[in-house]
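Asks: Summarising the annotation, Swiss-Prot assigns active site, O-(5'-phospho-DNA)-tyrosine intermediate to TYR799. Positions annotated as ATP binding site by Swiss-Prot, on the basis of similarity to another entry: ASN64, ASN95, GLY142, THR143, ASN144, GLY145, VAL146, GLY147, LEU148, LYS149. For GLU437, ASP538, the entry in Swiss-Prot reads Mg(2+) 1 binding site. Taken from Swiss-Prot, the feature Mg(2+) 2 binding site applies to ASP538, ASP540. According to Swiss-Prot, the feature domain 'Topo IIA-type catalytic' maps to 706-1173. According to Swiss-Prot, the feature site 'Transition state stabilizer' maps to ARG798, an assignment based on similarity to another entry.
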Amino acid sequence: MEAFEISDFKEHAKKKSMWAGALNKVTISGLMGVFTEDEDLMALPIHRDHCPALLKIFDELIVNATDHERACHSKTKKVTYIKISFDKGVFACENDGPGIPIAKHEQASLIAKRDVYVPEVASCHFLAGTNINKAKDCIKGGTNGVGLKLAMVHSQWAILTTADGAQKYVQHINQRLDIIEPPTITPSREMFTRIELMPVYQELGYAQPLSETEQADLSAWIYLRACQCAAYVGKGTTIYYNDKPCNTGSVMALAKMYTLLSAPNSTIHTTAIKADAKPYSLHPLQVAAVVSPKFKKFEHVSIINGVNCVKGEHVTFLKKTINEMVVKKFQQTIKDKNRKTTLRDSCSNIFVVIVGSIPGIEWTGQRKDELSIAENVFKTHYSIPSSFLTNMTRSIVDILLQSISKKDNHKQVDVDKYTRANAGGKKAQDCMLLAAEGDSALSLVRAGLTLGKSNPSGPSFDFCGMISLGGVIMNACKKVTNITTDSGETIMVRNEQLTNNKVLQGIVQVLGLDFNCHYKTQEERAKLRYGCIVACVDQDLDGCGKILGLLLAYFHLFWPQLIIHGFVKRLLTPLIRVYEKGKTVPVEFYYEQEFDAWAKKQTSLANHTVKYYKGLAAHDTHEVKSMFKHFDNMVYTFTLDDSAKELFHIYFGGESELRKRELCTGVVPLTETQTQSIHSDRQIPCSLHLQVDTKAYKLDAIERQIPNFLDGMTRARRKILAGGLKCFASNNRERKVFQFGGYVADHMFYHHGDMSLNTSIIKAAQYYPGSSHLYPVFIGIGSFGSRHLGGKDAGSPRYISVQLASEFIKTMFPAEDSWLLPYVFEDGQRAEPEYYVPVLPLAIMEYGANPSEGWKYTTWARQLEDILALVRAYVDKNNPKHELLHYAIERKITVLPLRPSNYNFKGHLKRFGQYYYSYGTYVVSEQRNIITITELPLRVPTVAYIESIKKSSNRMAFIEEIIDYSSSETIEILVKLKPNSLNRIVEEFKETEEQDSIENFLRLRNCLHSHLNFVKPKGGIIEFNSYYEILYAWLPYRRDVYQKRLMRERAVLKLRIIMETAIVRYINESADLNLSHYEDEKEASRILSEHGFPPLNQSLITSPEFASIEELNQKALQGCYTYILSLQARELLIAAKTRRVEKIKKMQARLDKVEQLLQESPFPGASVWLEEIDAVEKAIIKGRSTQWKFH
């Protein structure tokens, strides 16, 4: 009886949850797939407007029944069935189990002044009910005891029947509670409760009686609620609708009912969400989730405490947890930082069913169907099983990736620098798209196409379109992620950078390409807007090796069938034209190998002019007209052979180890047979292009980024040094950086832009603590950067100047070596050496760091004293360490120290295990609560260091302020600590064997870890394991230089002695020979030959320069007698003869010295090397003492 106590109406009415919803209709639409009793699929549409108050009438009676089922769940007499029926507008709900107590209610009887029983109070009196005041662990769905009364108020009639095991109670309520008839009470052993009623439909916006459509719509909705209740109560209680059991006794069955029509054959993931504390732990939530691309937004059905809950914190908790997992998995899978997934994206393909009980919740909203509970309840107490989240996440990410792939196919961009062909439509297959490398190439294409009017046999805009590739193409192979879904399907996902790339997306739009089409059939290819694409690129490494290779890789990645069917072509323009004197038609060569083979067959090229055309812009108007006149013969088609797939993967894929193995060897040049085959078939196999042009570009890129181990220089720095030796040879006056850069670009054929060249020149002159070069090539005049910003604060190339550090450079790189080195030839002219071999191993004497094609290059300069000691021990047989070092080299072991350089470094170097570490220094002032940093670790710029500390939140928690008073030479950084921080720092940043607490706190230590990857002399990469290995590999190269230098000098001296001796002899015999009496030079030469004078190549002997010993020996004695016949009268005088005799004596003395040096031990020229080592050391000492000004 206490459960039905009548409460104060005023307090009761204040609750927002007293409101039951609007009396007007709202639209309820949807389509559900459901099971009938025999499991035949049936679709029940709900598409009419309905009144929320009417639906609430039905729903409240159903919820009362499920509440009763839950209340009796632990009792002896349980609820075994709930029967729901709806026929001709009459709604009924019945359940067994204990009925409403049939007893007189004293308080209500006193108020009504008649006998009132508890069933009447429960159904007809607004101030009484079991749900008015609920405990915190209550799981009832009813609220405030209003539901049954609301049903009675809106009913024409109602019949309440209940039996409590002793009596049966039947009462009729008519005219919306206006007439409450006395109950009929009879003895009965039954236990059940049944409520049957006829709502006042007309007042709620319906026909009275209901129309057939209204009856069907309401019946479908009630049936749905019955199925939901079946899932809620579970298998212990049967739910009937119109006497048929509902077969949705589990959360999975309910999920199938909702999704079988809309998403058939979808996997349903199920789990139980459990809590860790009472009362929540007593009631786990059952969850079933369906993931399907057919769902376009997140939807859920939530049956909580028997109520069809439209929203609540439990749903938010589930969504957020899934989203966190999806975002993490998505980023790990796609590896694209620019692609983001939102909560909406991650949950848009999910349909979730949640069934269960949650204690202590409140119901809000007009229809009391919005769950309200403190949000932290779920975060604190509930957890979702990881296996469920993992499976869900995998399915969701697969769908997201598929949707991204489809969306990206329709990405539209503005296409710049595109001119379409005039023809199109039915003639599209006859059109070609000319893709020019850049603006200058586009100008050539435009010039060629506009010649169409005067050149009928050539191409024109009628059937040709043109587009610019913008001078660069993105490597698409590294911008996709291949993902295998659970179903085994492989999805290629393009990242955001690729889909937003204007150049490649522009090609897709212009050609009409579809990423979802393979173009295997002619019908598919006929849909394209052009019949082919023709690449028009420069004949240099950037054009052929890089841009054309990337374009081919793009088509091979997405549409290999187009390459197979000849869709991708190139305009092969002449690389070299040779103009013979007196002829107007040049000989054209498309590959250097062709030119080399032709040149070898010529007796001389003296009467030929050789012109290189590495850039398309080099062709003049006449040459363009000639090329486009024979345009068809210059268009070559790419073919796709079996090995191309692997090579595309090697050169453009993400597996750097494969590429590194391939690039360890040099390029194998095209053979004459291969070039002939290319021209005869006008076809270029992709594999051949990749193995020659692309590989050459990759190796060239490596040589621009990673130094050669012989000289420690990249190609750019080598060009700068060679240019400096040439430019400053006669006059070492200072020159502006930009002026010197122009000289290098002109004389050393630098093709990568003024900005990068000027930057390299500035770096070569930088000399400050922490700079890359401890031994600068140039003397910088002006501001060349400081330690503060790591050299980035250098002045403009227009304002700062350089001059050669000649005293150091000329000792480190002896001029005599220049004739022995192999050289790079650009445009047929000699440029810089392929490598230098300096007197000391410069590769381990300076700092450096750079990545290239999967390799990392990192070196830490070694101590000059150690290097000098090692090299001298190797060279000098009298050195006490000489034999020991040679023993170590033979066995590849280390015996002498080779420590990191500490020059210009005021910190400390320590070794732990196999690595050295550099340490900064500091001073602690406990009184001022300040730490003063007086040195930073090696090669750490000041500003970068301070920024790294400020980004560390756990360090800044102790720091009040950082003040930088450092100069370019010294470090003075004041770290002001917060009060009482010093002891806390010592506690939190523990001291270890390797560093103390302050060093740890201020990050005053770095590891000198090295990646000793260098370019080999003949190309490719060599990986060293130690600095000793580099030294040991370098030593034989430098040693051989001296033998080659001496042998060459010996050959030259011998030839010059022969020539000078012959001239002296001729002077002595000139009177007898009397050559002036002969009519011509030929007759005179005959006489000299008969008298045993040797014919000599005077120019070669006088200026041997780059001639090798073999050339000297072969060509020097195959000359003529010009060296004698060109002698003037004054050269026949006795004084002149005397000078020549003295010259011969000096040359003979030098020759004897050279012969002696060649016989030296331990190798020829060892003493010369020692002398040059001494000279380099003196230059370095002087340079360091004068800040490399040498004055």
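Using the three backbone atoms N, Cα and C, a Cβ is placed for every residue, glycine included.
Thinking about packing and proximity, how do these listed features fit into the structure?
Replies: Annotation note: TYR799 (active site, O-(5'-phospho-DNA)-tyrosine intermediate) sits in a coil segment as assigned by DSSP. Counted within 10 Å of its Cβ, the other Cβ atoms near TYR799 (active site, O-(5'-phospho-DNA)-tyrosine intermediate) come to 12, all protein chains included.
ASN64 (ATP binding site) has a Cβ environment of 26 other Cβ atoms inside 10 Å. In this structure, ASN64 (ATP binding site) is part of a helix by DSSP.
The Cβ of GLU437 (Mg(2+) 1 binding site) lies under 8 Å from the Cβ of SER468, LEU469, GLY471, ALA535, CYS536, VAL537, ASP538, GLY543, ILE547, LEU616, each on the same chain and at least six residues away in sequence.
Around the Cβ of ASP538 (Mg(2+) 1 binding site), 25 further Cβ atoms fall within 10 Å across all displayed protein chains.
Taking the Cβ of ARG798 (site 'Transition state stabilizer') as centre and 10 Å as the limit, one finds 10 other Cβ atoms among all the protein chains shown.
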Asks: Could you check which of the recorded positions (ASN64, LEU148, ARG798, TYR799) sits closest to ASP540 (Mg(2+) 2 binding site), going Cα to Cα?
Replies: ARG798
Asks: Calculate the per-residue pLDDT averaged over the domain 'Topo IIA-type catalytic' (706-1173) and state the result as an integer.
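Replies: Average per-residue pLDDT within the domain 'Topo IIA-type catalytic' (706-1173): 93.
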Asks: DSSP on LEU148 (ATP binding site), three-state: which is it?
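Replies: Once the DSSP labels are grouped into three classes, LEU148 (ATP binding site) ends up as helix.
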Asks: May I ask for the distance between ARG798 (site 'Transition state stabilizer') and LEU148 (ATP binding site), taken between their Cα atoms and rounded to an integer number of Å?
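Replies: Here the two Cα atoms are 92 Å apart.
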Asks: Measure from the Cβ of ASP540 (Mg(2+) 2 binding site) and count the other Cβ atoms within 10 Å, all protein chains considered.
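Replies: I get 21 for this one.
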